[in-house]
Amino acid sequence: MNDKTLIKWFSVLSVIGMIFGIVYSFFGLGILPVSKDVLVPWGNGVYGSTMIGFFVLLFFVGRLAFRNGDITLMKVMLYSLFSWLIIEASFSIYYEIYFNFAVDAVLMIFFGYPLLKRIQQR
């Protein structure tokens, strides 16, 4: 396959993932045919594994971006981080889970600071 096809493939799968994220955010996993007895523990596993995967991605992409001085990649990371944290923080405020809002604010600062600092240096 050529690069154009692979980019389309990757983009379509990413958009499908975002749509699932929107559906999950508003309707929860309860819309799926899963026993209510295991829904919360299974949801915890899904949420936890998603966080692990996301932070593994940040680990490798972040190191690559800083090592290579890739400002474009740093901007992509910054936009992705902020979109995730702003959406999550909004749900935390809506459901009055303020400690998670605080965690999101700290993550925005801790991850955003080095990215913004390096982006501004260029």
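Including glycine, each Cβ sits where the backbone N, Cα and C put it.
According to TrEMBL, the features are:
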{"type": "TRANSMEM", "residues": "12-34", "note": "transmembrane segment"}
{"type": "TRANSMEM", "residues": "46-66", "note": "transmembrane segment"}
{"type": "TRANSMEM", "residues": "73-91", "note": "transmembrane segment"}
{"type": "TRANSMEM", "residues": "97-116", "note": "transmembrane segment"}
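Within its own chain, the transmembrane segment (97-116) has Cβ neighbours under 8 Å at 58, 66, 74-75, 77-78, 81-82, 85, 88-89, counting only residues six or more beyond its boundaries.
Long-range contacts of the transmembrane segment (12-34) within the same chain: residues 42-43, 46, 87, 91, each at least 6 residues beyond the stretch ends and with a Cβ under 8 Å from a Cβ of the stretch.
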